[in-house]
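Per Swiss-Prot, the feature ATP binding site maps to T34, F35, H39, P40, G41, H42, D119, Y147; the stated evidence is sequence analysis.
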Amino acid sequence: MIIVIIMPKNENNPNIKNNNHQSPKKRIALTAGTFDLLHPGHFNTLNFAKKHADELVVVLARDETVKRIKGRRPVIPEEQRKIMIETLKPVDKAILGSLTDKLEPILSVKPDIIVLGPDQTTYQLEELKNQLLERGFKTEIVKVEEYVKCPFHSSYDILKEIIRRWCNKEIELK
């Protein structure tokens, strides 16, 4: 036997969900980078950003953009980097950057805070703030000041170590 109780909508009844009541707006943080060969500095920036928001969106530099800026493509293709970043604990969403307008992902996400890594060169804090204001968007922008110093604190250092260990040596596959 099934008993169905139909209750009239009652604003004063705490057992009835009020669909008109909006939950508080989630604070969104955005950070951006290549995130090619992951290292402790990446995790430091991601954790810092997540501490400042409820949701963290990461914008990944496109392969073509990295080639244009750094003169080389990333080791790991953009779609694979996106998958890797999406699986990291502090990250709620990863998106690929724009090929033509570096501000487009920011204007699309509309973050409450933008977190720049300590070695961020694509975005300079004041320049970014001014460019966003010119487009009618105001947000908080902070730069991670603490730089994680360890043997492999950059993708470049990881690549140098791989070359040092493996260059001119026959690689044994087991």
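Cβ coordinates come from backbone N, Cα and C, glycine included.
Burial estimate for the binding-site residues (F35, Y147): highest at F35, by number of other CB atoms within 10 Å. Within 10 Å of the Cβ of T34 (ATP binding site) there are 22 other Cβ atoms, across all protein chains. H42 (ATP binding site) falls within a helix when secondary structure is assigned with DSSP. Non-local neighbourhood of H39 (ATP binding site): V148, F152, H153, S154, S155, D157, I158, each in the same chain, at least six residues away, with C-beta under 8 Å from its C-beta.
Residue environment of D119 (ATP binding site) contains 13 other Cβ atoms, counted within 10 Å of its Cβ in all protein chains. Local packing around the binding-site residues P40, G41 was summarised as the count of other Cβ atoms within 10 Å of each Cβ; on this measure the leading residue is G41.
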